Amino acid sequence: SPEVTSVSLCPVKKDENSRRGNWGNQIEFVLTSVGYAVGLGNVWRFPYLCYRNGGGAFMLPYFIMLVFCGIPLFFLELSFGQFASLGCLGVWKISPMFKGVGYGMMVVSTYIGIYYNVVICIAFYYFFQSMTNLLPWTYCNNPWNTPDCSGVVGTGHQLNGSLANATTSLVAGVTEVVNRTKRTSPSEEYWKHYVLNISDDIGNFGEVRLPILGCLAISWFVVFLCLIRGVKSSGKVVYFTATFPYVVLTILFIRGITLDGAINGIKYYLTPQWQKVLDAKVWGDAASQIFYSLGCAWGGLITMASYNKFHNNCFRDSIIISITNCATSVYAGFVIFSILGFMAHHLNVPVSEVADHGPGLAFVAYPEALTLLPISPLWSLLFFFMLILLGLGTQFCLLETLVTAIVDEIGTDWIIRNKTIVTLSVAIAGFLLGVPLTTRAGIYWLLLMDNYAASFSLVIISCIMCICIMYIYGHRNYFKDVEMMLGFPPPLFFKVCWRFISPVIISFILIFTVIQYKPITYNDYVYPGWSLAIGFAMALSSVVCIPVYALYKISRSPGATFRERLKNACRSHPKWGPALQEHRTGRYAPMASEDTVEARPLKEKEELKEEQKEEEKEKERKDEISLTIQGSNGSTNTHNNPNPSA
């Protein structure tokens, strides 16, 4: 038909249907994926989990989960997006009934994008506050401090004092700290009473913290500028954003291991407590850290891979990026534990009593340690600049995931030409939705979203994705797709992991999350029941997309019985496969009689034959009416055509 012919032959339409090769080169994709996977969680979440679970005892389950779950799922999502050249919604042509999984990914990316940029804006705020001769959280003589404040650096310490006076003041400060039964650090009070000016309840929003709001606007503006031309612009930015954090980590590592007491922190980090290896919680934490740090089921991996060339070796990329992510976490652990060992040495307390979790490690414990370093404003600038770059690397991909999904789903000529407007609209919406998180109760809502919006929902989404590809679409079909794309089939290890091991591990994480569930708290504050209900609603809002869309698709599918409708809803869409006609070979090649028909999988050939027969019959009828009129003597008179053979 003319419509089908235009799809397969029109070069403009072909370009719209494929985003192949939009990366300047493959290094840009690898760096962007590294920036996406390596985020703020690698800096504080991994070291905290090591600290909480017995140091080196956490390493064994961590590496096991990386090998059997993290790398296979990473490769699965990269190959999935690269094969179809579509975002997290378009790829579900593989089995349209499961498109709700893509919508669930979009919802998760929306939640994470909202609160993740708030964390980045706080890093911006600390970065700006570090542009001074004296860090504002060094002493306890500020208007926001309380009588319980006791700093590591004594209040009598002066910048222009002699080294002897500084040492005496430091010892006095440490002695005062040890003698106190309850100590509140200057950095903690600066965080709570000045930066956040935290309220007493999650429902008591109070006023908007204007400095934080301004930094949030800056953060979103930077993200938009870096994505103004899609991956063509972000691919250039990541040369800096993905590599500079390693420079900062190396500088801090070299400085950290030269501090007094640093070796004690590193020993605590590497020395295993073997009795904890048999603790199920340790294995659950290791699995969740691998799962969340790699960014699986967020939709970002599928989106970034969709911009690859069709024959790119995404298997190699998945190995490189996953191992880089893991190595970064371990490296960041050395950096942080050397600083924590230094703090413990000066406070004369065990290392286990120094560390905090959540944002506290990044915005309380570490800033306090920075005050103990020579030229502390310089180290503070470098550290928070590193946090900003780590956060932006992930935020780029989150925003691009949403924009790509919207453009793919609507797909009109106008929205494709004006993708920048879509990017700006999403950025403005994200900024407005993040405003409540800049109020005095913002930290409560940020932690609520972090604990519920992207927790067990990610596990469910990833598990259903594995089941759909391996058992609904068929593992043999997918293995052939990967072989057609890469030139070699997936290794046996990955085949086994995709079909059996990874789904079992994912199910384990889900079951463990449910069994070990405890209501969220923030220090001594216990969240009220209505806020927990909102948290569960956010978590279910992404998961509920899957059954709702499945029921919708079944109801709209052809068939006399429910079984027929279900079968048709699960069947791959005729347009599933490589985006470019030149790559639609093998199972996706056109049949001999299909010179102008778009290539489709073999399972659709029967339907195609029936359609072609109907078209041929219709064509014959039109020819009889418009071309020839049968005379009464059996002769044929041509109509408007003097040549009968025409």
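Here the Cβ of each residue, glycine as well, is placed from N, Cα and C on the backbone.
Look at TrEMBL and you will find 29-47 (among others) tagged as transmembrane segment.
Residues annotated as Na(+) binding site in TrEMBL: Gly35, Ala37, Val38, Asn42, Ser293, Asn325, Leu390.
Look at TrEMBL and you will find 59-80 (among others) tagged as transmembrane segment.
Summarising the annotation, TrEMBL assigns transmembrane segment to 101-128 (among others). Here the transmembrane segment (101-128) has Cβ contacts under 8 Å with residues 40, 87-92, 195, 211-212, 215-216, 218-220, 223, 297-300, 302, 359, 362-363, 367, 380-381, 384-385, 387-388, 391-392, 394-395, 398-399, 401-402, 405, 430, 433-434, 437-438, 442, 445-446, 449-450, 453-454, 457-458, 461, 464-465, 468, 538, 541-543, 545-546, 549 of the same chain, all six or more residues outside its ends.
Within the same chain, residues 117-118, 120-122, 124-125, 128, 195, 234, 237, 392, 395-396, 399-400, 403, 420, 423-424, 427-428, 430-431, 434-435, 438, 442 sit at least 6 positions outside the transmembrane segment (210-228) and bring their C-beta atoms closer than 8 Å to a C-beta of that stretch. Annotation source TrEMBL lists transmembrane segment at 210-228 (among others).
Away from its own ends, the transmembrane segment (237-257) comes close to residues 28, 31-32, 34-35, 38, 226, 263, 266, 328, 331-332, 334-335, 338-339, 342, 373, 379, 382-383, 385-386, 389-390, 392-393, 396 of its chain (Cβ-Cβ under 8 Å, at least six residues beyond either end). The transmembrane segment annotation in TrEMBL covers 237-257 (among others).
Beyond its flanks by at least six residues, the transmembrane segment (290-307) meets 19-23, 29, 32-33, 36-39, 41-42, 45-46, 62, 65-66, 69-70, 73-74, 77-82, 84-88, 90-91, 102, 105-106, 108-109, 112, 231, 314, 322, 325-326, 329, 394, 397-398, 400-401, 404-405, 454, 458-459, 461-462, 465, 506, 509 of its own chain at Cβ-Cβ distances under 8 Å. Per TrEMBL, transmembrane segment is recorded for 290-307 (among others).
Annotation comment: TrEMBL describes 319-344 (among others) as transmembrane segment.
Beyond its flanks by at least six residues, the transmembrane segment (378-399) meets 32-40, 42-43, 109, 112-113, 116-117, 119-120, 123-124, 126-127, 130-131, 135, 219, 222-224, 226-227, 234, 237-238, 240-242, 244-245, 248-249, 251-252, 255, 295, 298, 300, 303-304, 362, 366-367, 370, 423, 426-427, 430 of its own chain at Cβ-Cβ distances under 8 Å. Annotated transmembrane segment per TrEMBL: 378-399 (among others), in sequence order.
Among the features that TrEMBL reports, transmembrane segment is placed at 420-446 (among others).
Long-range contacts of the transmembrane segment (452-475) within its own chain (CB-CB distance under 8 A, at least 6 residues past either end) are made by residues 73, 76-77, 80, 94-95, 98, 101, 104-105, 108, 111-112, 115, 291-292, 296-298, 495, 498-499, 502-503, 506-507, 509-510, 513-514, 520, 535-536, 538-540, 542-543, 546, 570, 572. Under the heading transmembrane segment, TrEMBL lists 452-475 (among others).
Residues of the same chain lying 6 or more positions beyond the ends of the transmembrane segment (496-517) and with a Cβ under 8 Å from any Cβ of it are 65, 68-69, 72-73, 76, 280-281, 284, 287-288, 291, 455-456, 459-460, 462-463, 466-467, 469-470, 475, 490. Look at TrEMBL and you will find 496-517 (among others) tagged as transmembrane segment.
Residues annotated as transmembrane segment in TrEMBL: 529-552 (among others). Outside the transmembrane segment (529-552), and at least 6 residues removed from its termini, the chain residues within Cβ reach (under 8 Å) are 97-101, 103-105, 107-108, 111, 202-203, 444, 448-449, 451-453, 455-457, 460-461, 464, 519-520, 569.
Under the heading region 'Disordered', TrEMBL lists 587-646.
Annotation source TrEMBL lists compositional bias 'Polar residues' at 627-646.
Of all the Cβ atoms in the protein chains shown, 27 others lie within 10 Å of the Cβ of Leu390 (Na(+) binding site). Same-chain residues lying 6 or more positions outside the transmembrane segment (59-80) and placing a CB less than 8 Å from one of its CB atoms are 50, 91, 94, 272, 277, 282-283, 286-287, 289-291, 294, 296-297, 301-302, 305, 314-315, 317-319, 321-323, 326, 330, 462, 465-466, 469, 481-482, 485-486, 490, 493-494, 497-498, 501-502, 505-506.
Of all Cβ atoms in the shown protein chains, 22 besides its own fall within 10 Å of the Cβ of Ser293 (Na(+) binding site).
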